[in-house]
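Pulled from TrEMBL:
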DOMAIN    15-276  domain 'NADP-dependent oxidoreductase'
ACT_SITE  41  active site, proton donor
SITE      71  site 'Lowers pKa of active site Tyr'
BINDING   104  substrate binding site
């Protein structure tokens, strides 16, 4: 993706299919070429419809000009369900293949239950061996060009790497100036796994997010010094871009989509990057939805294998 920005399609509360479709069409028109969806988001179908329309309008020549990511939800994270579930996603998208298929979270929940937050009592450890073997089958069959994971700690990523014939191409995780994933980034780099960041602005307005990134004083000061009208937002995206991390930005607003792309003709100084690098670190997306005192993961520390 030329800009380093991908367009995410997760929204909370959910938007109507028509709103999602129009936003995706506008994003394609503005030049976005990577779209990130998931079965649980309910946006696979509007994304597929928007792409058909974009082709008929001449905005793109074919689906091959786009990079499409979708994800396997926890209730389908069982060896025998992976392939049928990807076929279902492809049917929703009206596509023969996706470019990237991710395991959404490193756990399994009760089959047939599509909900978030999940029912904590129904969480079980994922059988990485059978699920990853099925993900590899998806790639071998050409239903996805590449496979990866999302929300995996170094330890859980190591578990996958130990048994993988085809290693994960991607680990998609929370990434912003207040949670810069230094340890995980180094681990991914050493093992040839690309780190992709979601919630680069802190996911304000979602179930799990907050405005802590956009209200950070250091980021505000840097934004003012740069004379950026959309301030901290562009500083966060530029910082991620200069750190070499691809980010997924979600917006259903055309002006904001344009602003997200306006990060190419200026730079942060060494001192500004150092100030951002020195910010105190803590997770925004804690995974507490999956933590239950009698459950598979009893604490947030346990869920992230101490990486908190």
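Glycine too: its Cβ is placed from the backbone N, Cα and C atoms.
Taking every protein chain shown into account, 71, 104 are the recorded positions, and of these the Cβ with the most other Cβ atoms within 10 Å belongs to 71.
Across the structure, residue 71 (site 'Lowers pKa of active site Tyr') and the residue listed as 'substrate binding site' are spaced 5 Å apart at their Cα atoms. For the domain 'NADP-dependent oxidoreductase' (15-276), the model's average pLDDT works out to 91. There are 23 other CB atoms within 10 A of the CB of residue 41 (active site, proton donor), with all protein chains counted. In this structure, the C-alpha atom of the residue listed as 'substrate binding site' lies 11 angstrom from that of the residue listed as 'active site, proton donor'.
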